């Protein structure tokens, strides 16, 4: 900032001796900014700070909400030994409203953005972009699993833990690996699009008991299809005859919905619909215009909701801290497991993924990560990749200038199948439980854990604590007791937030990488064509512009 000092034309200030009516003509003398001294520099930097605070007001609010949520939870927790579920519900109600707002936008954003983005691409370009996306997700997931196994075998988090003295929380639900894999394929091809919007398919095994007396001539076919358990009855007849009565269980498979949207099925439908819409040419333009308008309206609505997020996130975190039964367990029996997972997530999120981005794109990855800071803070608060999806799309398009067609393709797919943090967590948890049970893992078990953890992470929907459900599959694959998953349940709510941050970071960096290799193969957007025509070089040539 430069100050200007005024004087009369003859160089004298004020009213002269023979000048009763001074002339209002002034000469302005420029004073260099360096001559303003400390006060001038202070004002200069103060203006910069104010300007930066205005530009990053939402990010600052999100970060402060995380801190305030932790402090609020600790303060409320110190006032009482145990809180009822109703009290916890009251405390977390503002956060519940935030989750409902964000989840309300998931369906229209996925459908409209995917259809709008893919309809403008030809089949060859869309296929290349899909192969790059799936290839990146597969490589990073395997790297996360390998890192988790390496850390668990090096640190040995369960080596000194006493299984008998560890407290269990809840009960694990048994899952069948084959059923889970088949359910994944079923969800890719939904049979009812309306039901898909609010419920995903899940097979549940139900054992129906049948009481009967043992039959000598029981056919081999019947005995192979019915699970039999023997129990001694206390009836007078059985006591007299000294016989046992058998309980036979008939296995029934039921379709039990998850109560969450089938995001994988919605993504599949949107991709196929967008491809076919693009091939229709002019006849498909009205639907494409509707999807473009829906994207814009949804993002405006999301921007309105986003200013409520700091308030909601603070109460989400506070409610979780108050709900936790034993806070000291983080430093107790599962403390080393907790630290091992955090170290793995930190290395994968701050070193491995940025290194991949730097090698492939040759740009500063941490500048890119700074651009998605709002998405990472939201991911920590909501612990849901799907709920964070609108924030992630906004950050990628507005801050990191990723092509909207790339972002709208990579992010919904990544929020569904790319779970680097979940895969790493499942690998560490499986080895931790094996160490607690003094069960050694050979090379074959390690390979089994790697493949199963990778496949299970794909089946984990982008909802809170979905990795805990798929963890049962990994334990069953290597013969570990599935009930032992309850040993780590107490810290899962906290680790889930860091896992979600890692998942969102992996999706975002993947979008940046796919954008780098795909943007030259895609036709420019309409607004890019307009800018291309308006910007001319002095020699009459048009100046080339790209989304980055």
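Cβ coordinates are placed from backbone N, Cα and C, and glycine is handled just like the others.
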Among ranges 263-280, 281-298, 371-388, whichever one TrEMBL labels transmembrane segment: 263-280
Per TrEMBL record, range annotated transmembrane segment [choices 334-360, 415-441, 496-522]: 334-360
Listed range which TrEMBL flags as transmembrane segment, given the options 233-253, 443-463: 443-463
Of the residue ranges 133-155, 156-178, the one that TrEMBL records as transmembrane segment: 133-155
TrEMBL annotation (transmembrane segment) - matching range among 199-225, 469-495: 469-495
CB contact flag for the transmembrane segment (57-77) and the transmembrane segment (301-322), at least three pairs under 8 A: yes
Long-range environment of the transmembrane segment (301-322) - Cβ separation under 8 angstroms, sequence gap at least 6: 58, 61-62, 64-66, 68-70, 72-74, 76-77, 83, 87-89, 91-99, 101-102, 105, 109, 374, 377-378, 380-382, 390-391, 394, 493-494
Chain residues in Cβ proximity to the transmembrane segment (133-155) (below 8 Å; excluding those fewer than six residues from its ends, i.e. six or more beyond): 336, 339-341, 343-344, 347-348, 352-353, 356, 409-410, 413-414, 417-421, 423-428, 431-432, 435, 446, 449-450, 453-454, 457-458, 502, 506, 510, 513-514
